[in-house]
């Protein structure tokens, strides 16, 4: 072989051995396949690897998302952990109210500290019961002979009915339980005085006392006794463990509201006589 041919072959091998031409020395994997086919196969392999990596990453992403959602606090828990100033004040007042009401329920049971006075306190509370006042007013109305007396008694009867219905409606709406778990008595069920807020006895006592003070001429000692009676009737229900202190206060306020409402819609003597005639079935408008 001539020396010139050998030198050319040596130069060509030295050129192919350079790093930038190393890929030309590798043979294709498949026979008959060109560079385009090798590039297509490499793309398909890359797509398969990408899909498998996405499938493997999906469960981990879903698991991490579930863990993040499980660690989230419920909305009500977040509100309790970070309450507003108004919420803190309301919760504090309610806690104080419940604590004081339970301490003042000294006649709640016969085994309580003042259990021996329970019957006396229950009798005092009975004087402010709705059924007691409604029956007493009807009896006095049947025995009254004066028009002025019948006018006052009819309006008082309507005020008592309004008080019973309004308090029962508010109690059904709020559904607050008393400081002690007690089943309502038979008379309480009849008067629909089942729940705690507002105190029906306190509302009725405040309304009746204000009503009698405004429409009856009473001496000063009797007026003082009437106000003291209304306060003791409201307190008796707290001592018996039936109501909270706030129930009693709101009951007094509601009773005063009922009195103001009845004064606004006061029925005249003629209207009262018409109602009495209708109730006794002696009304004859055509004769």
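Positions of Cβ are set from backbone N, Cα and C atoms, glycine also.
Note that the structure is a prediction, hence the values are computed from the model and not measured.
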Which one of these stretches, 98-119, 120-141, shows up in TrEMBL as transmembrane segment? 120-141
Looking at 176-198, 245-267, I want to know which stretch TrEMBL calls transmembrane segment. 245-267
Which range is transmembrane segment per TrEMBL? Of 65-86, 153-174, it is 153-174
